[in-house]
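**Student:** One structure is given below, represented as structure tokens, and several questions about it will come after.
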Amino acid sequence: MNALAATNRNFRQAARILGLDSKIEKSLLIPFREIKVECTIPEDDGTLVSYVGFRVQHDNARGPMKGGIRYHPEVDPDEVNALAQLMTWKTAVADIPYGGAKGGIGCNPKDLSVSELERLTRVFTQKIHDLIGVNTDVPAPDMGTNAQTMAWILDEYSKFHGHSPAIVTGKPIDLGGSLGREAATGRGVVYATEALLAEYGKHVKDLTFAIQGFGNVGAWAGKLIHERGGKVVAVSDITGAVKNPNGLDIPALLSHKEKTGKLIDFAGADVMNSDELLTHECDVLIPCALGGVLNRENADNVKAKFIIEAANHPTDPDADEILSKKGVVILPDIYANAGGVTVSYFEWVQNIQGFMWDEEKVNRELKKYMTRAFHNLKGMCHSHNCNLRMGAFTLGVNRVARATQLRGWEA
């Protein structure tokens with residue numbers, strides 16, 4: 001089942017639990033606006049080449065739309081639609097005043113030089129500058145984009161609208177980016193994990209963890225779990241997988257990865273098959289990479305008691321059912337990985353006020369938001385007698401539906 005079908009299915013189930021009117025249910029599913037633009041740039045050798053750029057703006061009932069811009073060769077409209085919709089529910093679950101959006105350009109950033117990427121980003125910004133805005137739609141980095149991409153968007157947008165640091169988040173610190181933003185998603189994952197474990201009277205320091213995906217999110221989550229005394233027993237990324245039943249030395253593994261570019265050949269660990277990571281012996285499994293990695297083929301063999309969805313949509317609905325029957329507790333993506341968008345919100349707030357926070361304050365506020373969201377989510381589970389995923393979806397959908405009705409949607 002693809003991401004859009006799964007998201008729609010979760011939404012419809014939540015709408016049914018909440019008893020939403022079918023008219024409002026339909027209206028919440030339809031995106032507010034879909035934008036598709038042609039971006040033609042000269043390559044470094046002077047030949048003209050065209051790319052398709054797009055932005056799906058899903059919902060703005062609770063505030064400006066918010067979501068990443070990805071540069072990827074297979075930018076699939078269905079997937080972008082699903083991710084824009086997920087952002088609507090995610091911002092509502094975290095209780096930050098945003099709606100959802102997502103966008104990107106169908107290109108392979110690895111095949112483009114830095115100056116080609118800059119020209120492409122600027123042309124894309126020129127095409128959509130009057131459809132995004134500090135109070136309308138605030139982009140952020142995603143797959144294939146980074147702080148530098150945001151810097152180019154900020155500069156190009158400011159040529160039309162005057163200096164506007166709050167137009168994008170995930171910017172370089174020197175241009176108004178927030179301290180703590182880089183670690184935010186991984187740190188949020190750890191705060192979410194602590195909140196969940198506390199419900200079961202457990203602590204990070206007493207458990208073993210396996211992390212699939214060791215990019216930004218996985219590496220920060222691993223580092224913070226290690227600092228709290230948790231044992232990370234297995235880690236994988238696209239270069240391979242390593243394990244150590246007594247716990248990996250995460251800081252040493254990170255510096256090894258930085259030096260060599262890969263996880264394998266690390267002195268303090270044994271190499272393992274990457275495919276076995278998801279079914280490795282551990283208490284807590286944290287998928288931080290791609291969607292759909294837990295499916296009906298491997299779900300039965302998962303040994304973890306808790307799964308923290310740091311990736312978007314890592315568990316497909318078949319696996320969801322199998323794991324629930326086994327009694328595995330799954331903390332859903334729309335809550336677990338909301339740390340990134342929460343600190344993006346803090347960045348936007350700091351830019352609007354023109355007053356920057358120190359890192360301690362960013363992390364303190366993030367912990368407050370993640371912990372509060374967990375208790376709100378649990379409240380929905382109790383009132384509707386449902387699992388954590390439906391608790392999160394009902395919480396998010398209910399907030400958006402309420403805002404929509406209060407704004408006089410029926411009128």
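We number each residue from 1, going along the chain as drawn.
Cβ atoms here come from the backbone N, Cα and C positions, even for glycine.
Residues annotated as active site, proton donor in TrEMBL: Lys102. TrEMBL lists Lys66, Lys90, Ser344 with the feature substrate binding site. Per TrEMBL, the feature NAD(+) binding site maps to Thr185, Asn216. Look at TrEMBL and you will find Asp142 tagged as site 'Important for catalysis'.
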**Student:** Whole-number Å only: compute the distance from the Cα of Asn216 (NAD(+) binding site) to the Cα of the residue listed as 'active site, proton donor'.
**Tutor:** 20
**Student:** Do any of Lys66, Asp142, Thr185 (recorded positions) have a CA within 10 A of Lys102 (active site, proton donor), and if so which?
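**Tutor:** For Lys102 (active site, proton donor), the recorded positions whose Cα atoms are within 10 Å come to Lys66, Asp142.
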**Student:** What's the CA to CA span in angstrom from Asp142 (site 'Important for catalysis') over to Lys66 (substrate binding site)?
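**Tutor:** About 12 Å separate the Cα atoms of these two residues.
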**Student:** With an 8 Å cut-off on Cβ-Cβ distance and a minimum sequence separation of at least 6, pull the same-chain contacts of Thr185 (NAD(+) binding site), or say none.
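**Tutor:** Expected: Asn216, Val217, Trp220, Ala310, Asn337, Gly339, Gly340.
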**Student:** Rank the binding-site residues Asn216, Ser344 by how many other Cβ atoms lie within 10 Å of each Cβ and give me the one with the fewest.
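**Tutor:** Selected from the binding-site residues Asn216, Ser344 on minimum Cβ neighbours within 10 Å: Asn216.
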**Student:** Which residues in the same chain, at least 6 apart in sequence, have a Cβ under 8 Å from the Cβ of Lys66 (substrate binding site)?
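**Tutor:** Once residues fewer than 6 apart are set aside, Lys66 (substrate binding site) is near Met87, Thr91, Tyr98, Gly99, Gly100, Ala101, Asp137, Val138, Ala140, Thr169, Val341, Ser344, Tyr345.
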**Student:** If you take the centroid of the Cβ atoms of Lys66, Lys90, Ser344, the listed substrate site, which other residues of that chain have their Cβ within 8 Å of it?
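**Tutor:** My list of surrounding residues reads Gly67, Met87, Thr91, Ala94, Ile96, Tyr98, Gly100, Ala140, Ala338, Gly340, Val341, Thr342, Tyr345.
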**Student:** Among Lys66, Lys90, Ser344, recorded substrate binders, what is the largest CA to CA distance in Å?
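**Tutor:** Farthest Cα pair among residues binding substrate: 13 Å.
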**Student:** Are there residues of the same chain, six or more positions away from Lys90 (substrate binding site), whose CB falls under 8 angstroms from its CB, and which are they?
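**Tutor:** Sequence-distant Cβ neighbours: Gly100, Asp333, Ile334, Tyr335, Asn337, Ala338, Val341, Gly396.
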